[in-house]
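Feature annotation from TrEMBL assigns domain 'EamA' to 29-162, 188-308. Per TrEMBL, the feature region 'Disordered' maps to 352-377. Taken from TrEMBL, the feature transmembrane segment covers 41-62, 91-114, 146-164, 185-204, 219-239, 251-273, 285-303, 324-342.
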Amino acid sequence: MGVKRNLVEWTPFIAMATVECLDVELSTLSKAAMSRGMNHFVLVGYSNALATLILLPSPFFIDTQRKLLVLIRLFVVSRNHKTRPSLSFSLLCKFFLLGILGLTVMQNCVFTAIDYSSATLGSTTSNLSPAITFVLAVTPSSISKIKVIGAVLSISGALVVTLYKGSFIITFRIQPSLLDETSNWVIGGLVFAIASVSFAAWNITQAVILKEYSSQSTIIAYYCLFGTIQSEILSLFVVRDSNVWKISPNDKLICIFYSAIAGSAVTFSVTAWCIKRKGPVFVSMFKPAGIAIAAFSSVVFLCETLHFGSNLFQQSSSQISNCLLNRVLVIIAIGLYTLLWAQSKEENAEDLQVDRKSSPSAQASPLLESHQRNVLA
């Protein structure tokens, strides 16, 4: 019983860590595809169209499966059985907003920034997401102050890794074509920051809608559909060359399929599930973990040079760079675990408050207090 309970408690942590790995690998793969001439607007359009085809049938299959389970258990569908809630125009507008925030703005900004810079910069800049999400979902409490400290530590580490670029630590010079690409880190960083704001707003909006409409598969399917339509319309205005829409069966096609399945269908589903159970701040807290994954993937698969050392302090020693890198990673890890600890304490406090309200003594205490007042009177 204890093992099962621990597994249930750890499932959201494992799920979000997996999503972060998938997200970072998608950034690395998309950088490789765009380095070979793939347009990032085309990538977003194709991948989300495929993801929509995968996700659209899921609400109907899930609802049918629930009804079949009830039929098997009770032989007759119970009147109290909860089917998918009815859709309203207001909900469709909210799904449309989710499509704008999560697909049209966030994904296009992310892939545009990756095209300008690198996947590693994307992972470091995404450390803004926990703080932005926390500010949007802030609640005044001592635990919230601890969350602020954790967010500041994580962001500080991310900014150091982003700005403190100088002497290289690791480089694999295998494919010169990928190394010759000029990266505009300033524009890339700014666009990544916009994507982080959009990601935070997307998380908060999802959390609000999930409280109003419980069918997360329906929410995901509809906002993916709306986001695909928006992205396709945007692509038609931005991309004028029709030849870029022609995809040959190579690494570009692999990137589209990976982005559709892992980057959209799986990531959206797991993220919505974790938001529903743990909240939007919990989801954004795993962004700092992507730095190490992105750095390793960029060096190994994209043959990028991992810099760390001389822009701010004019140091060129690789030993100093390695030492500073280790310290920054420790700072990021401390910030992440501080946020996780605060989240855990907050959940325990909420559970304790619910238990006190539901206990018989708590229910009887108002009557006892009323009786004591009458006696004294």
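Cβ atoms here come from the backbone N, Cα and C positions, even for glycine.
Any TrEMBL annotation is an automated prediction that lacks curation.
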Positions on the same chain near the transmembrane segment (41-62), where near means CB under 8 A and six or more residues out: 30, 33-34, 84, 103, 107-108, 111, 215, 217-218, 220-221, 224-225, 227-228, 231-232, 234-235, 238-239, 244-245, 247, 255-257, 259-261, 263-265, 268-269
Per-state residue totals over the domain 'EamA' (188-308) - DSSP helix, strand, coil: 100 helix, 2 strand, 19 coil
